[in-house]
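Copied over from TrEMBL, here are the features:
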- 137-158: compositional bias 'Low complexity' (COMPBIAS)
- 168-181: compositional bias 'Low complexity' (COMPBIAS)
- 188-213: compositional bias 'Low complexity' (COMPBIAS)
- 23-122: domain 'Phytocyanin' (DOMAIN)
- 134-215: region 'Disordered' (REGION)
- 1-22: signal peptide (SIGNAL)
Amino acid sequence: MAMVRLLMSLATIAILFGSTMAANHTVGAPQGRWDQSTDLTTWAASETFLVGDSLIFVYTPNHDVLEVRKSDYDSCQTTNAISTNGGGMTIISLSSTGKRYFICGTGGHCASGMKLEVNTLATAPVVPPPISPPVKSPVSAPSPKISPKISPVSAPSPKNAPKISPVSAPSPKSLAPNAPKSSPPATSPETPSLSPSSTDFVPTSSPSSSPSSADKISVIASSNLGFGLVIMMLFFM
């Protein structure tokens, strides 16, 4: 008896746990329901159906819910339905994995889009977390303190610039190659300079100067001697 009670407790816990984990999917909600104006294909793609979940069809009396095979689903064939449900609300339990197909049996409604394909999974697919690309730290530019400072070369100020004196033009006297050297200032005739250290040549006499007394005596002597020789030659003749 104790073993039977334990098994019954475990089964109850499993049922309760399964019921709490199961989800109810109201077809077309929250924006619509089981009708012709709701995009049922887009709604089914946004849902995840697991074993144990339930489909809840809410509709008006002019609609119904038919479960059909894949071929009848594609061709909107209503004559070979697996099950037919009406009354304004239908609950379908998803007890096994696989695809199931539902259409509306009212003429023309299936062709206008009132059909639903459900793919039931055993467990929810594990979606890996998105892998974010590694964040690359931006390469920071070197700070102004580290970068070498290049000071502009300033032009020399007029005060510090070297002064260049203009080259004076040589005088005409210095440029003349054959120009005689300037003689010292001439001395007065009264005081001639006869110092032996003088390098200037002073002529003793000039052709234009008058004969001195010594010259007069030599001329007289020469004339007398000549006159005497003439007289002697006349005498011996």
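Backbone N, Cα and C atoms are what each Cβ position is placed from, and that goes for glycine too.
Shown for the domain 'Phytocyanin' (23-122): DSSP residue counts in helix, strand and coil, namely 12 helix, 35 strand, 53 coil. The average pLDDT the prediction assigns to the domain 'Phytocyanin' (23-122) is 96.
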